[in-house]
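**Q** Just passing along the structure, written as structure tokens.
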Amino acid sequence: MKLSAEDKHNVKTTWDHIKGHEEALGAEALFRMFTSLPATRTYFPAKDLSEGSSFLHSHGKKVMGALSNAVAHIDDIDAALCKLSDKHAQDLMVDPANFPKLAHNILVVMGIHLKAHLTYPVHCSVDKFLDVVGHVLTSKYR
């Protein structure tokens with residue numbers, strides 16, 4: 001799926017509202033995913049996945065930081081996420097089915113906190129962007 005010029009604009013503009021809040025929004029999205037979809041917890045058996053935990057904040061910051069990097073390199077997301085794609089496929093072996101689940105929860109959190117900015121066209125653009133990111137992250141799976 002290709003992002004149109006309008007999609008790229010919508011994503012960049014929306015991401016400006018996320019800057020400075022990556023850690024909190026990422027932690028909330030992860031908490032929602034782990035709570036509503038317990039099977040996604042399997043990759044973190046010894047971690048504290050409770051709401052507000054330092055692990056959720058740390059990992060949420062990493063997740064949203066990677067997405068911020070993808071936004072900053074929106075014209076070449078493949079290159080921007082190449083190393084992360086390798087890591088998820090070869091080292092972590094994360095089930096590719098989990099990426100859309102996390103994307104959904106990121107959109108939910110964005111809808112809660114950015115409702116004035118997440119209009120229907122923007123929502124569609126961000127959804128497409130997260131789908132592209134998920135595709136890139138699973139492109140190295142065999």
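Cβ atoms here come from the backbone N, Cα and C positions, even for glycine.
OK, Swiss-Prot features for this one:
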type: DOMAIN; residues: 2-142; note: domain 'Globin'
type: BINDING; residues: HIS59; note: O2 binding site
type: BINDING; residues: HIS88; note: heme b binding site
**Q** How many neighbouring Cβ atoms, not counting its own, are there within 10 Å of the Cβ of the residue listed as 'O2 binding site'?
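**A** There are 18 such Cβ atoms around the residue listed as 'O2 binding site'.
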**Q** List the residues of the same chain that sit at least 6 positions away from HIS88 (heme b binding site) in sequence and have their Cβ under 8 Å from its Cβ, in sequence order, or write 'none'.
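**A** When sequence neighbours closer than 6 are ignored, HIS88 (heme b binding site) has VAL94, LEU137, THR138, LYS140 within Cβ distance under 8 Å.
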